[in-house]
């Protein structure tokens, strides 16, 4: 027996059962004073919130005659509410002590409570719902049947009642019996008959006969009130079947007691003989309460226990304070009609928990007489022969089963055997695979942790350099170098180990491929059989599940490490910011602050406020170079297992990149330098314009650089952009056809069939290729073409950059003024453009001479600079000259 069981056996176990309300209580609608909180806690007379008559005002002592609620909490070993069944009570009370009873310990179960609280129903029950006594007998004989091959068990039962302080035998018609105390047997009832039933049916019949002889009379409280205390006792004697000179015999006694309920004559209306019965019942229960109080009071040593004050307490002497394991079932009523009885029952039950007893198994060692030796020897010889026969039968049965198994293996389907063999191989492979994978993920986590710690150490050292003195910086530098060297050494060791684990994983993958190819030989058309395919799929799913759980654990560890660093950083910031603000205002008040310091303080304020800053794509970020810490997405990402494809047996080692992590780059626009910053050289122009996307064949692209001022005249090669719907209305139909035919380099020869301007375009392109042969070929014949200067698309001189159609900033008024200023400074570069050798158009900017009404015509002329046919006449639907406008 374990130590826990011994501790429980030394203390009385107390349970409480709350019965449902009867018809009378429901009719009168008495309030409930007992509330079951859970399986162990019970609340008696709890406080209830009452709605006050006055709105928003609580009245105190409104009814001075009203009784205050006790609001008591009781804790017991088990609490059963109104919905509990007889089987539940038996499972938690008597059934656990049956094992102790079979081991030779005395056990007692008794029901205690007021009249009408449900004690008799709990112990005896009815035909539809049998009680604890009936269920105990069934389970006891069931246990005896299980051990009958090892031990000889004999049972004896007795049934008595204590009526008006007299003991009567319920199984026979006898007079009052006397109580004696024996030094060896303990308390003994002289003249009590013992019956030896052979089965559970016989013992239940005896129990039924005894209940019929029990004294019961109706009262005003209970129609079937028990007027006596009933004690049902079972004696069990166990002896080993093995013949021996020294026999060990176990003798135990179990007592199942149904006590009569305490009552008050004013409530029960008892008169005459009923009044005498009630007086004796209360006397015996009072003596029982005094015994419980004396046993529960462990502070006083050598205290007198008043067992002799009643016949009932004398019978329960062994059960309460002797060598016995006792369980008390306290039955209570939830109604306020039995308020005092319920309170007294709970009070005595709570005290009974403190009663302790010393348990001892009743094992007797019987030495046989010398005259019995011959008989014992014969019994042992017979037992030896019986055991030999059993052993022989067992060996024959085992040999027969082995032959049957061999026959099954011989006659079984070869495919089934192969399937079982492959299943075992898959189990072994995936067990190794799971271990290797777990080791790999662990190494990956340790490497990430080392990288994170290294970055934290470097960051901490930078902060120390900015804050501390030189002596402390030197010490911190030595400490940092030592830690970084240690982390580096550890990381190198982990990397080597990681490579070894990766090789092991590759070997396991090769073996898995070989097994899959062998499994394909079993199936039809080179497919794996369905059973093996399901088995393989289950193994993969199980491996993925284990891997995800491991990754979650590793992510939690890394997150904890990062959270610790964040807390330290937050503590530093919380300490520095108030000091910085205080120093700033001190300098401000004394006038020692300058503009640079104010600007720095404003920048810090912006950082603290977390304001968002809009920046162009080509502008450099000051904090971009300070990203020493690894990203959270990269930190929390572990290498995933890719689906394994089956390969032939002769294939070499599988892809070693299975375990490698594929970096996920953040999508961003390709930054192109601003064309205004390009130097006027052929090489630089070609290097910046090689293999750009074709703007004719694709949609409009957003601007990829920040427009900037141009202070010097530079030779520009504006990119060909797809004209929008607004510019298409200004361009003529011939120029649109020419632009559409430039979409593919292979179709440039077809341009000769169209307008004359297209031949000029092709010639200019060929001239450009001959002039710069080092230009790289086109990336794609359909998706992109080289962006060439706009001068090759016209026979006139090229326009300056300010005269071109702006791509983004042209829609703002400020940009228009900017380009007008640039046009005056770029006219000087027009003459230098004529020396390039290409046919160009030149339109002079006369915006300063002409009136503002002609700006509309001038803009239309600017957008038609991409015309390729110089002989075509410009046609306008409306003449916008000065005379027509007026």
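Glycine residues also receive a Cβ, built from the backbone N, Cα and C atoms like all the rest.
Counting Cβ atoms from all protein chains shown, residue 114 (ATP binding site) has 24 others lying within 10 Å of its own Cβ. Feature annotation from Swiss-Prot assigns ATP binding site to 113, 114, 115, 116, 117, 118, 119, 120.
Residues or ranges marked as coiled coil in Swiss-Prot: 370-404.
Residues annotated as SUMO2 cross-link in Swiss-Prot, with similarity to another entry given as evidence: 24 (among others). Taking a C-beta cut-off of under 8 Å and a sequence gap of six or more, residue 24 (SUMO2 cross-link) has no contacts in its own chain.
Marked as SUMO2 cross-link by Swiss-Prot: 683 (among others).
Here Swiss-Prot flags 782 (among others) as SUMO2 cross-link, drawing on similarity to another entry.
Under the heading SUMO2 cross-link, Swiss-Prot lists 862 (among others), citing similarity to another entry as support.
Annotated domain 'Kinesin motor' per Swiss-Prot: 11-355, in sequence order.
Residues annotated as phosphoserine in Swiss-Prot: 674 (among others).
According to Swiss-Prot, the feature phosphoserine maps to 695 (among others), an assignment based on similarity to another entry.
Look at Swiss-Prot and you will find 826 (among others) tagged as phosphoserine, backed by similarity to another entry.
According to Swiss-Prot, the region 'Disordered' annotation covers 774-804 (among others).
Per Swiss-Prot, the feature region 'Disordered' maps to 862-886 (among others).
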Secondary-structure category, per DSSP, in which residue 114 (ATP binding site) falls: strand
Near residue 118 (ATP binding site), which residues of its own chain have a C-beta under 8 A away, given they sit six or more steps off in sequence? 17, 19, 331, 333
With the cut-off set at 10 Å between Cβ atoms, which of these binding-site residues ends up with the most neighbours? Options: 113, 116. 113
